[in-house]
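Reading through the structure tokens given below for one structure.
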Amino acid sequence: MRTLWIVAVWLMGVEGHLYQFENMIYQKTGKFAIIAYSNYGCYCGWGGKGKPQDATDRCCFVHDCCYGRVNGCDPKMGTYSYSFQNGDIVCGGDDPCLRAVCECDRVAANCFAENLKTYNKKYWLSSIIDCKEESEKC
């Protein structure tokens, strides 16, 4: 189901902040998120359950938790303000909700970059059915 959703979004043309998040990830890792992170482990992609499989999957778990704490807007819609300054992502703008979404995305993109060396292709295209352990709390 999560793969179908990701493909549907990709085919529609990614709008708003999902495109921005993709760009952040590419700038920090050199990887295209839709390919590398849309169906990785138990948490990267649509939904999530179980125990994160590795450090990269934990980045997605933390990102999901961060989105869960955002109030006042839909974390997957809208457009936020950000820039790259000296290799760092800097979130801006006046809307506190969109700024919070940007911060969630910034932290995740940095986390992916910090864990590039441990990215394991065996978790790419893994099935969420394999994520049977009890989910952690945020």
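Cβ coordinates are placed from backbone N, Cα and C, and glycine is handled just like the others.
Under the heading active site, Swiss-Prot lists His63, Asp105. The Ca(2+) binding site annotation in Swiss-Prot covers Tyr43, Gly45, Gly47, Asp64. The disulfide bond annotation in Swiss-Prot covers Cys42-Cys131, Cys44-Cys60, Cys59-Cys111, Cys65-Cys138, Cys66-Cys104, Cys73-Cys97, Cys91-Cys102 and is backed by similarity to another entry. The annotation signal peptide is assigned in Swiss-Prot to 1-16.
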Exercise. Compared by Cα position, which of the recorded positions Tyr43, Gly47, Asp105 is the closest one to Cys60 (disulfide bond)?
Worked result: Tyr43
Exercise. Rounded to a whole number, how many Å is the Cα of Cys59 (disulfide bond) away from the Cα of Tyr43 (Ca(2+) binding site)?
Worked result: 9
Problem set entry | Most Cβ neighbours inside 10 Å, all chains, among the disulfide-bonded residues Cys104, Cys131 | Cys104
Exercise. Which residue, out of the recorded positions Asp64, Asp105, shows the minimum number of other Cβ atoms inside 10 Å of its Cβ in this structure?
Worked result: Asp64
Seminar exercise, completed: Densest Cβ environment (other Cβ within 10 Å) across the binding-site residues Gly45, Gly47 belongs to Gly45
Exercise. For the disulfide-bonded residues listed here, Cys42, Cys44, Cys65, which shows the highest count of neighbouring CB atoms within 10 A?
Worked result: Cys44
Exercise. Expressed to the nearest Å, what is the distance separating Asp105 (active site) and Cys44 (disulfide bond) at their Cα atoms?
Worked result: 13
Exercise. Can you count the other CB atoms that lie within 10 A of the CB of Tyr43 (Ca(2+) binding site)?
Worked result: 27
